[in-house]
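What Swiss-Prot lists as active site, electrophile is His93, and the listing cites sequence analysis. The active site, proton acceptor annotation in Swiss-Prot covers Glu165, and the record cites sequence analysis as its basis. Marked as substrate binding site by Swiss-Prot on the basis of sequence analysis: Asn8, Trp9, Lys10, Gly171, Ser210, Gly231, Gly232.
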Amino acid sequence: MQKLIMGNWKMNGNSTSIKELCSGISQVQYDTSRVAIAVFPSSVYVKEVISQLPEKVGVGLQNITFYDDGAYTGEISARMLEDIGCDYLLIGHSERRSLFAESDEDVFKKLNKIIDTTITPVVCIGESLDDRKSGKLKQVLATQLSLILENLSVEQLAKVVIAYEPVWAIGTGVVASLEQIQETHQFIRSLLAKVDERLAKNIKIVYGGSLKAENAKDILSLPDVDGGLIGGASLKAAEFNEIINQANKICTE
């Protein structure tokens with residue numbers, strides 16, 4: 001299966017640094033049949049990034065509102081996202097859930113606004129360290145996915161990318177063990193299999209949690225890991241490109 005490598009730039013960068021980053025990423029060579037690339041800049045730089053990257057590199061937004069239009073100061077709608085030429089959308093990132101109190105219902109409502117457009121939604125799920133230690137991992141992940149799996153058709157679900165991000169491993173330098181990553185991805189795939197076996201086999205489940213060049217080969221080689229959602233390492237073109245190179249090599253072996 002084609003690997004999907006995505007960079008979440010979060011609230012980082014300025015016009016100068018982003019131009020340098022785009023220039024660096026534009027240099028990486030990879031087989032587009034084996035690897036797909038996407039980046040998520042801050043919304044004010046999306047148009048700049050689209051114009052500065054090769055067409056083969058997808059560009060997405062980090063968040064939208066679930067309203068269509070109207071008096072919602074500061075918000076961005078799904079229609080606007082499509083209008084400016086975005087390819088991807090992050091939904092439910094752990095920082096949105098923890099810092100802005102986004103609920104599973106909010107995540108579903110945002111997904112519902114985007115699911116029938118040309119934009120690929122990347123739905124983020126993950127557990128806290130307390131959840132894992134108390135044995136609630138499976139319960140938490142199943143709950144986070146329940147509204148989505150119960151209310152979308154198989155055809156709609158097939159458009160979704162799922163990003164598993166253990167909250168305790170994001171931005172901390174702590175990485176889940178390979179066994180933990182594989183077991184969790186396998187569990188997520190088993191939830192999807194209850195809906196449809198073919199869906200479970202073909203849907204992309206990517207890992208996000210301190211993934212970097214030094215551990216990319218091991219993580220991306222796991223059988224149920226279809227790519228990565230990279231944070232800090234995606235802000236350095238050389239490191240992000242090395243992760244892309246590792247993914248490309250894995251898919252050619």
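Just so it is clear, glycine is given a Cβ too, placed from its N, Cα and C backbone atoms.
Worth saying up front: this structure is predicted, and the values here are computed from it rather than measured.
Counting in whole angstrom, His93 (active site, electrophile) lies 12 from Trp9 (substrate binding site) by their C-alpha atoms. Summarising the environment of Asn8 (substrate binding site), the number of other Cβ atoms within 10 Å of its Cβ, over all protein chains shown, is 26. The highest number of surrounding Cβ atoms within 10 Å, among the recorded positions Lys10, His93, is found at His93. For Lys10 (substrate binding site) paired with Glu165 (active site, proton acceptor), the C-alpha to C-alpha distance reads 15 Å. Gly232 (substrate binding site) sits 14 Å from Glu165 (active site, proton acceptor), taking the Cα positions as reference.
Gly232 (substrate binding site) carries a helical DSSP state (H, G or I). Cα separation, Trp9 (substrate binding site) to Glu165 (active site, proton acceptor), rounded: 15 Å. For the binding-site residues Asn8, Ser210, Gly231, a Cα to Cα distance of within 10 angstroms from Glu165 (active site, proton acceptor) holds for Ser210.
The most crowded of the binding-site residues listed here (Gly231, Gly232) is Gly231, judged by how many other CB atoms sit within 10 Å of its own CB.
DSSP gives the residue listed as 'active site, electrophile' a coil state; it is part of no helix or strand. Taking the Cβ of Trp9 (substrate binding site) as centre and 10 Å as the limit, one finds 21 other Cβ atoms among all the protein chains shown.
In terms of local Cβ density within 10 Å, Glu165 ranks first among the recorded positions Glu165, Ser210.
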